[in-house]
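Among the features that TrEMBL reports, domain 'NADH-Ubiquinone oxidoreductase (complex I) chain 5 N-terminal' is placed at A:66-110. Summarising the annotation, TrEMBL assigns transmembrane segment to A:77-97, A:131-150, A:162-185, A:242-264, A:408-429, A:565-584, A:599-618, A:625-645, A:651-669, A:750-772, A:820-840, A:852-875 (among others). What TrEMBL records for A:126-401 is domain 'NADH:quinone oxidoreductase/Mrp antiporter transmembrane'. Among the features that TrEMBL reports, domain 'MrpA C-terminal/MbhD' is placed at A:610-673. Look at TrEMBL and you will find A:683-764 tagged as domain 'MrpA C-terminal/MbhE'. Annotation source TrEMBL lists domain 'Na+/H+ antiporter MnhB subunit-related protein' at A:794-916.
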Amino acid sequence: MSLFFIVALPFVGALLPGLMNSAGRQACAGVTFTVTLAALIGLLSNLPAVIAGETVTTGIDWLPLLGLNFNLMLDGLGFFFACLILGIGLLIIAYARFYLAREDNMGEFFTYLLLFQGAMVGIVLSDNILLLLIFWELTSLSSFLLIGYWKHLPEGRQGARMALAVTGMGGLAMIGGMLILGQIVGSYDLSVILQNREMIQASPLYLPALILILLGCFTKSAQFPFHFWLPHAMAAPTPVSAYLHSATMVKAGIFLMARMWPVLSGTTEWFVIVTSAGLITMVLGAVIALFKHDLKALLAFSTVSHLGLITMLLGTGTAFGAMAAVFHILNHATFKAALFMSAGIIDHEAHTRDIRRLGGLRKLMPVTFVIATLAALSMAGIPLLNGFLSKEMMLEEAYHTVLFENHWLVPALATFGSLFSAAYCFRLIGHVFLGPVRDDYPAKPHDPPFGLWGPPAFLVSLVVLIGVAPFLAEPFVKLVTASVLGEAAEVPKNYIKIWHGLVPALYMSIIAVVGGLLVLAIFRPLLRAWDAAPRPEAKTIFEALIAAVVALAQKIIQPLHDGAFTRYAGIMAITVVAAGYHAFATGTIGEATRTMQPITPIAAAGWSMLVAATLALVFMHRNRFFALILIGIVGLMVSVAFVYFSAPDLALTQFTVEVVTIILLLLALNFLPNRTPIESSSLRRVRDGAIGIAAGVATMALSYYYLLRDTVSPSISEFHLANSYKGGGGTNVVNVILVDFRGFDTYGEIIVLGIAALLIYALTETLLSGPVRARLLNRKPDQPRAGDMHPTMMVVLTRVMMPVVLMVGFYIFLRGHNEPGGGFIAGLIVSIAVVMQYMASGFSWASARLRYPYHGVIGAGVLIAGLTGIGSWFVSKPFLTSDFTYVRIPPFYKFELATAALFDLGVFLAVVGAVMLSLESFSRLARRAHVPESEHPMDIDPSREEREAV
Amino acid sequence: MELLVASAIGLLTAAGIYLVLRLRTFPVILGISLLTYAVNVFLFASGRLTIGAPPILTDATNYTDPLPQALVLTAIVISFGMTAVVVMIALGAYLGADDDHVDDRSETEDAS
């Protein structure tokens, strides 16, 4: 199966559990299981190629200019991890089916799980580090959802937040590291990066890249000092803990270290950082784990400790260390997932995970006892179980590792860590299962149904199988090791076997096991000492840190962001002007390449009117009706300027938009106060005036300099002029650009316009359904109303004009392709014609004659435009490719038929719908309670008659 | 001629900014409208000023730049939609709270 499908299957499949939720728990889990199984089978179908040592690759260019390509590759290492992710995923799904309670939303759970699974598979199969980063962040997000799955538990939410904060920060650091790495090599493809060990290690940027990438790995894999999030993430449901925190997510950091091993390892920096972090984590985790009473907390810290062990092995930089690491990843995944599931079973059956309340479960839960004991003994490093083999290899490697020029440091610490590791394993067995049966369990424990113990039992059978017959696992481990090492080193010849003779590792192992038993024997005094000893609480520190960051952010933001919008606007204007001035003062300005055109009297007259109207607007804006007239003059002058400077289309558009805008503002003024009171001090007005003048001078200078210079690079307009008729079939270049060259932009714009209109409609609806409604209905108009609300003259005139205006609109629409006009302008003209009817004959009269709702008109417009675009797919052309032809039907002249006209029809309808819906919404607010709704066009205001009668 | 257009853009911007800095919604809306004119004319002027050469293909050889015109045309229509939404929001706020101040005065001490 193609690698694409393996990665895509979980993501696509993530849609299914939610859909199957209502079909029952069985169906929901079944479909999740099937999806995962299909991906696993797909993965296994690539096994022959992987065994043959090939690297299966596939890829498509996504954003090649950024170096971001959807390239996937599958080698031994990727196969190994993908197998773990999907294989253990299968067991987890089966387990979760029985674990989750009836009130848990199973569809939601499995959706998150599949998202997570897909992201993990994506990480291990990525051949592009940018792609890998995307999947990396996806695992952080989806694990956040999974850890916080029990939303009602505050610990769950806190744990999820902490995990996201820590791994998210690490992810950010890693993005930096990966980008540096890509810059050094000149490619973001992993396969290329892995070939360039010398170049990377010789680069001066090697150390920053290494530190940033390791930050990402350490946070994800819970290495000291970032280990604290993992135990808090244990608030998650047990299947999540078993999946994320034993086999998958926390191994992502390990995976990346293994993946980057050929190019990053082998240097002193790598050795010191990685080995010491791993060593500290291993010892620290093991010691803390011993004293934890919560079963899952114990397992969490033991996971931290084992991750430290693997990190340390990768840190040594030797081929043998890498092989031991690979082997231990495999072994740890098997026994730790089994242990987590056992802990879940105990929690499920005994209703507590507190070790102090347990004990004697051996007789009550024999099956669970066998499973958990075998897994725990393997973790402790008892021979004939797989944990023993990799622990021996670890001790062997530690024996040969010299850190800080001290031959004793690493072996001693490794033995010490193993000793505590053995001790907590023995404590787990001894304090939970052995001992006398108690009579104060919160619930009567008994063995669960097969669905719960089957998956861990399968894992434990692997534990025993590998432990007894290590030669079965050896070829696979060596295959994976080979792909970890790449060309950097040879796979070691050493056999993985139970008996190596009387080597130092065996003595260290014996010390660890015997010491572990001794520690357990003196556990009670040790625990007292531990409880008495002061130690930093990671959660408190973390929360204090977060609180400090929040306080700092608030300190900065509060004074700036105090709800005074005028202040924001002022600050923004000043900033933009200052930045512009800086650019102007420091940059170079080319010579003027154009000469100024002479000022004509007409232009001077228009300019004077614009200036007069604008100044009057500034000084007299408090009279709002007058201000509307003034702004109308400004708009008119702008339209005239467009005509004058060869832009007839713009002039038509500006002019018609001006009309509807003024109507809109008039409708709004109906409800707003008619005057703006004087509120600001004269000082403040001078200040605002100064800001305005500064901005005005800046834009004027910019425009002036700009207008007298040609563009630096040639404009693409020549292309449009040259191809408008040849390619688009129209002589109005502006219209052809709108409906053809840049049709997709226009398509987006009519959608935006439609959304704006719908937003206005929605806001109106909200207003009319709230407390505002009563106030509107009982509103007293602030000015006397006209006696004849619908003057006869106006009614007659608008009705006579209606067909004429419609015809003009139609004409403007049709000629748009070749002459000034088109869908936008025609739409505005037709809207004005309809608005006139509303104004003359009244809202109710016009609404009653409305045959199609305006929402529908907008929708039809967008749909027609979209379908026109899709139509070009049927002739295998890209979206919105236009076509045109000339036909001649006697007795007419030859005329043109263009698909662009159909698109323009969509634009037309969308504009009509949007404009009308906006204006209609405003008008609906004006309805009042005491004025009867009349459908009669030429009535008089009855309230006036009543007043006269009184 | 260039000076006239540049000064008109500057004046529209100055007046627009001044009105945007007022305390009530209506003048702010007027200010935004003025700024819209300024921006549209500025964008249009980026095609440089040409008199008597509209981009309608004929036998002539010299045309003005059609591209800024197409951009500004949609900008004009969109600005109508934007103005309408802003006016609606301002109206809703006024009708709901009987107050057409722009600033959230409950949070600012400086209400002068």
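We number each residue from 1, going along the chain as drawn.
Note that Cβ sites are derived from N, Cα and C of the backbone, with glycine treated the same way.
Predicted automatically and left uncurated, TrEMBL annotations should be read as such.
Note on the domain 'MrpA C-terminal/MbhD' (A:610-673): DSSP counts are 54 helix, 1 strand, 9 coil. Contact check: the transmembrane segment (A:651-669) against the transmembrane segment (A:162-185) gives fewer than three Cβ pairs closer than 8 Å, residues 6 or more apart, which falls short of the contact criterion. Across the candidate stretches A:77-97, A:131-150, A:625-645, the maximum count of CB pairs under 8 A to the transmembrane segment (A:162-185) is reached by A:131-150.
The helix, strand and coil residue counts that DSSP assigns across the domain 'MrpA C-terminal/MbhE' (A:683-764) are 68 helix, 1 strand, 13 coil.
Using a Cβ-Cβ cut-off under 8 Å and counting only residues 6 or more beyond its ends in the same chain, the transmembrane segment (A:242-264) has close neighbours at 77, 81, 84-85, 88-89, 92, 95, 113, 116-117, 120, 123-124, 132, 136, 139, 143, 146-147, 190, 193-194, 196-197, 200-201, 210, 213-214, 216-223, 230, 233-234, 236, 270, 274, 299-300, 303, 307, 310-311, 314, 322, 325-326, 329, 332-333, 336-337, 339-341, 344, 484-488. Sequence-distant contacts of the domain 'NADH-Ubiquinone oxidoreductase (complex I) chain 5 N-terminal' (A:66-110) (same chain, at least 6 residues past either end, Cβ-Cβ under 8 Å): 3-4, 6-7, 17-21, 25-26, 28-29, 32-33, 36-37, 39-40, 43, 46-47, 49-50, 55-60, 117, 120-121, 124-128, 130-131, 146, 149-150, 182, 187-191, 237-239, 242-243, 246-248, 251, 255, 258-259, 326, 329-330, 333, 337, 341, 344, 348, 448-449, 451-452, 454-456, 458-459, 476, 479-484. With DSSP classes pooled into helix, strand and coil, the tally for the domain 'NADH-Ubiquinone oxidoreductase (complex I) chain 5 N-terminal' (A:66-110) is 30 helix, 7 strand, 8 coil. The DSSP breakdown of the domain 'Na+/H+ antiporter MnhB subunit-related protein' (A:794-916), given as helix, strand and coil counts, is 87 helix, 8 strand, 28 coil.
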